[in-house]
């Protein structure tokens, strides 16, 4: 009876390892990727659209079958590990409005808890190149 139980446990372990390997081999890893983003500022009539590097990809997460009101589930997301900050100037801002926007550029990424300081932690966010005002594409040299 003990041998049967051990064989079942071994089989379950092998299935879990196989599923993790299969899942991670078909989904893109968490890494820096080039993306078109838009930045805008209240008071400036145009948003600026340009290419930068963001973090994107798959992180292994666990969702418990039994959800207890006494325990908290922490999901890991693909987010910034190391960043560099760059500044762009928005076009046509009126006098008295600072036309500069500073944004993070991903140098490396990591699967960790979502930090609202550097990431959009919402379930369904707007696309990164969404503009509420008139678009102006930043020239690519």
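In case you wondered, yes, glycine gets a Cβ from its N, Cα and C as well.
Here Swiss-Prot flags 1-24 as signal peptide.
In the three-state DSSP assignment, the secondary structure recorded for residue 30 (disulfide bond) is coil. For residue 30 (disulfide bond), the same-chain residues that are 6 or more apart in sequence and have a Cβ closer than 8 Å to its Cβ are 55, 56, 57, 58, 59, 78, 109, 110, 111. Residues or ranges marked as disulfide bond in Swiss-Prot (evidence: similarity to another entry): 30-78 (among others).
Here Swiss-Prot flags 34 as N-linked glycosylation site. Counting only same-chain residues at least 6 apart in sequence, those with a Cβ under 8 Å from the Cβ of residue 34 (N-linked glycosylation site) are 51, 52, 53.
On its own chain, residue 93 (disulfide bond) has 41, 43, 44, 45, 99 as residues at least 6 apart in sequence with a Cβ closer than 8 Å to its own Cβ. In the three-state DSSP classification, residue 93 (disulfide bond) falls within coil. Taken from Swiss-Prot, the feature disulfide bond applies to 44-93 (among others), supported by similarity to another entry.
The disulfide bond annotation in Swiss-Prot covers 47-131 (among others) and is backed by similarity to another entry.
In the three-state DSSP classification, residue 109 (disulfide bond) falls within a strand. For 55-109 (among others), the entry in Swiss-Prot reads disulfide bond, with the evidence type similarity to another entry.
Residues or ranges marked as disulfide bond in Swiss-Prot: 59-111 (among others). Over all protein chains present, the Cβ of residue 111 (disulfide bond) has 18 other Cβ atoms lying within 10 Å.
Under the heading disulfide bond, Swiss-Prot lists 114-121 (among others), citing similarity to another entry as support. Around the Cβ of residue 114 (disulfide bond), 16 further Cβ atoms fall within 10 Å across all displayed protein chains. The DSSP secondary structure for residue 114 (disulfide bond) is coil.
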Between residue 114 (disulfide bond) and residue 47 (disulfide bond), find the distance joining the two CA atoms and give it rounded to the nearest Å. 26
Should residue 55 (disulfide bond) be counted as helix, strand, or coil on the basis of DSSP? strand
